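Colleague: Take a look at this one; I'll ask things after.
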Amino acid sequence: MSSRKLTQLSVICWVAVLFCQSVQSQLQVGFYTNSCRRAELIVRNAVRDGINKDRGVAAGLVRMHFHDCFVRGCEGSVLLDSTSSNSAEKDSPANKPSLRGYEVVDDAKTKLEAECRGVVSCADILAFAARDSFDLTGGISYGVQAGRRDGRVSLIAETSDLPAPTLNVDQLTQSFAKKGLSQEEMVTLSGAHTIGPSLKQKCPQGSTDSSLVVPMDTSTPTISDVSYYRDILANRGLFTSDQTLLSNTATASQVNSNSRSPLGWKRKFAAAMVKMGGIGVLTGTTGEIRAKL
């Protein structure tokens, strides 16, 4: 990459970081302590029930939060349905049919509305659910800053902001930098691929059976651990965007480091998720608190 492009990328990243820091200052851990004391517990119980029914839903919930934050910011737009006049994010090939866990979010929202009507946003539910999914599959828990409000707009065209599985390491770095996330945080968050299946079809070639899936992590597909990084080192990365992490000296070093430090990676993942959760949030009087997804 040329020095000019690196300079431009640094400026973009710096501006995005400043913006992210300013909006995160309006979020806080324990936001619902007084207004809906059991909010986080209700979400956690819904996530636990969902995982008990289908272990793979945990990966879907982590991915849903990521896909929400990378398009218009973390404001719940990924949950909005298409209308006769507009195609929403959830109907993009990037989200459909692979994105799942809507029923868990809906369950949590229904119970929250029964207990604390009009208080907890869908965007915050997604952030809590992603945290709980990581924790309940062998990761760690962490404090989620809350206070997000929900957006009203969801456009299928804007899903182009989502990093495709075909991107190389430079493209991935640029994609994350635009959202205020560093290259190291990109490598750290890529570790979310440690859980869940991919809808990439198995043999026989040309099969149209979408039920045929392969695990993202070949050894422990339902556990949040560092096997993802060990798979990459063994040249078993499922997507180009996974295996490409070895093509760059810095990212390859991070892959090696993460593979040797399970707890260290979990802590970095938690910190990166908190930072990602501040992208483009709506707070205060902006947006709304939706009564349903």
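The backbone N, Cα and C atoms fix where each Cβ goes, and this holds for glycine too.
The active site, proton acceptor feature in TrEMBL is assigned to His67. What TrEMBL records for Thr194, Asp217, Thr220, Asp225 is Ca(2+) 2 binding site. Summarising the annotation, TrEMBL assigns disulfide bond to Cys36-Cys116, Cys69-Cys74. Marked as signal peptide by TrEMBL: 1-25. Per TrEMBL, the feature site 'Transition state stabilizer' maps to Arg63.
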Colleague: Within 10 angstroms of the C-beta of Thr194 (Ca(2+) 2 binding site), what count of other C-beta atoms is obtained when all protein chains are considered?
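Modeller: A 10 Å sphere around the Cβ of Thr194 (Ca(2+) 2 binding site) contains 30 other Cβ atoms.
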Colleague: Which site among Cys69, Cys74, Cys116 has the most other CB atoms no more than 10 Å from its CB, taking these as disulfide-bonded residues?
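Modeller: Answer by Cβ density within 10 Å: Cys74.
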Colleague: Rounded to the nearest angstrom, how far is the Cα of Thr194 (Ca(2+) 2 binding site) from the Cα of Arg63 (site 'Transition state stabilizer')?
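Modeller: Spelling it out, the Cα of Arg63 (site 'Transition state stabilizer') and the Cα of Thr194 (Ca(2+) 2 binding site) are 12 Å apart.
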Colleague: Based on Cα distances to Cys69 (disulfide bond), point out the closest of the recorded positions Cys36, Thr194, Asp225.
Modeller: Thr194
Colleague: Among the recorded positions listed here (Cys36, His67, Cys74, Cys116), which has the Cα closest to the Cα of Asp225 (Ca(2+) 2 binding site)?
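Modeller: Of all the candidates listed, His67 is nearest in space.
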Colleague: Nearest by CA distance to Thr194 (Ca(2+) 2 binding site): which of the recorded positions is it, out of Cys36, His67, Cys74, Cys116?
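Modeller: Closest recorded candidate to Thr194 (Ca(2+) 2 binding site) by Cα: His67.
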